[in-house]
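As recorded in TrEMBL:
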- 155-189: repeat 'PPR' (REPEAT)
- 190-224: repeat 'PPR' (REPEAT)
- 225-259: repeat 'PPR' (REPEAT)
- 260-294: repeat 'PPR' (REPEAT)
- 332-366: repeat 'PPR' (REPEAT)
- 367-401: repeat 'PPR' (REPEAT)
- 402-436: repeat 'PPR' (REPEAT)
- 437-471: repeat 'PPR' (REPEAT)
- 507-541: repeat 'PPR' (REPEAT)
- 542-576: repeat 'PPR' (REPEAT)
- 577-611: repeat 'PPR' (REPEAT)
- 752-786: repeat 'PPR' (REPEAT)
């Protein structure tokens, strides 16, 4: 066998002769002629611009020709020219044709008619153009077609592009599969491959996988670059694991790869995602000492952290500095949206709207997050009409509302007491092929629950569970609050039981809702037992918890218990709030501890809490109880100076203080003040006005009050009506008193024994015994038995002032009434 091989080899001439040289040169010349000609400008990007003068828009596109038919080798060119179905398209034309097709259409048919498929250099550019558009389905079809071509050669840059595309679509498993596939094709991964794979796992929040990939990269002796470290830091930071992100940053510096602006922004973002807002601001201060200048992204993160920490003024200062003429970093959509969110959470709706309009004026096109922020701002204040207007504007501007948009509109209708419109919005969301999430269902449950429709709220809960969404602690909190509003004790217990059966652990907010619901229905013992369970499970109460307990105890007149909870709150070093201070002032007042109430009010102002109308009204009531009208008036003046508009409750408290301090003329001045400020006159205000007018004998005012009250007599309390009847009768105008009584009875308003007693005493004082007996007859006809004193009073009047003739008539008529009502007669009483 060896001999045969050697003899075969020896047949070649050791020195090529002249004939062989000629043949060799001819072969080389033929090969050179068959080689494709060079086209250096084939892959140059050519910009094309188009202007639409009607719409006032212009569009710039980039076109790439690639290697065309003329650039192919001769034998392939001849093959293409002989087939009329083969098209000499540019790469950009091929991309356009593919993108016009659906993913299930014949994409391979288009590619098989493209003459440029015979040039292998076209493949990377083709897949690059497709992946940049972002359609993963089309890209996969094109990539699979490429792999079936004879002239395909596996290249790392093509796989890198496909891995990055899968990363953008959060398809981590497919990206990892491509990584293993390229190694089967003997295509060695490079640093960009590992960077793309680390980025893919970072987007999916799988920071441990990302770290393992970097370790594989080091084992493959591929040195990581700055992008590798940045991707890994971002993978850790986006998962909220800011400590691990700092470790990687430290390793990066130790390995001689210095951080750049991108690194600093990623670290700041890691702090932000980990809710370490103060640490982010501290890092920003350290960053100022380096040579790296912050950009718009840096300032956006800093503004976000300032908003989360409640440092709104500093956030606005940075925002305004970015809008200055010579500013290096100008605000973008994210900046404006963050400032809008700040104004939204702080309740400054007008400012939120102004920032949105400023963004439009500066030529920035709002995205869906900007629109959702404004819709959410309106929704939080129940401004449903304004929220709907922005929602419609969003659609008119070509932005399709998402689940967040519909949920915000749902919330707007719920808060504006329109649960039917909320349901319509919910159904429209489903008709538009948007699947409601847990937040959407919770908002709809709250829309029904906050409007007293607990049964419908429970139906929504059942539908949610039927659709595979399990309720969470927010759902339970919403239902508990709804049960408290509807005063349904049984439902509170059943909701807590349902939460326990589903394994839902209550948090502080849920406990607060349950405590408030129990106290609303008067179940103090159950509320106390639940609070003890809360502490036993080591769920830390907050200021809302104690405000619910303290205010609830005050409503149930358990003032000593309310003060005990206040002491416990102070002992736990939980910061006092404006609401807690107001409830504590009320408890101190009811306990007669006026000095402590004043001390709490002063401490409230020292702590920086601007007292609201509730706090001021509480102090007015405190001074009213203490009959100190001077201090009450001083508090009222302070309230007005601080820009706090008094309401009807505050005005009635001041009036009561003036009446108790024998200052009825000042009550009328307060009434004039209310008319100037268009503050409505409530029943309590009218009661105090009647008392003051009665003391001053201002019958004109009493007549005006009667005229004011005529339209609302059925809703006026019997105590106020009795006070008004007494004031009219005291003035001696018994006919006016009787006429007003007729109106009261005709309106269907409630009258009681005291009402008749007021009438009878005033009639007797005026000497109108006939009308007195007639009123007694009215009582009998109305099924209300007169008391013995009423009969005794008229008989005593008959003996003293009625005269002999009238006395006999009075006695006879009274005896008749007594027999009719079953009372003992005068003779029976004397015989006993």
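Just so it is clear, glycine is given a Cβ too, placed from its N, Cα and C backbone atoms.
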Give, as a single whole number between 0 and 100, the mean pLDDT over the repeat 'PPR' (155-189).
88
Chain residues outside the repeat 'PPR' (367-401) and at least six past its termini with a C-beta under 8 angstroms from it
333, 336-337, 340-341, 343-344, 347, 349, 352-353, 356, 359, 408-409, 411-413, 415-418, 421, 432, 434
Take the repeat 'PPR' (190-224) and find every residue of the same chain, 6 or more past its ends, with a Cβ under 8 Å from one of its Cβ atoms.
156-157, 159-160, 163-164, 166-168, 170, 172, 175-176, 179, 182, 231-232, 234-236, 238-239, 241, 244, 248, 255, 257
Summary of DSSP states over the repeat 'PPR' (577-611), given as helix, strand and coil counts
26 helix, 0 strand, 9 coil
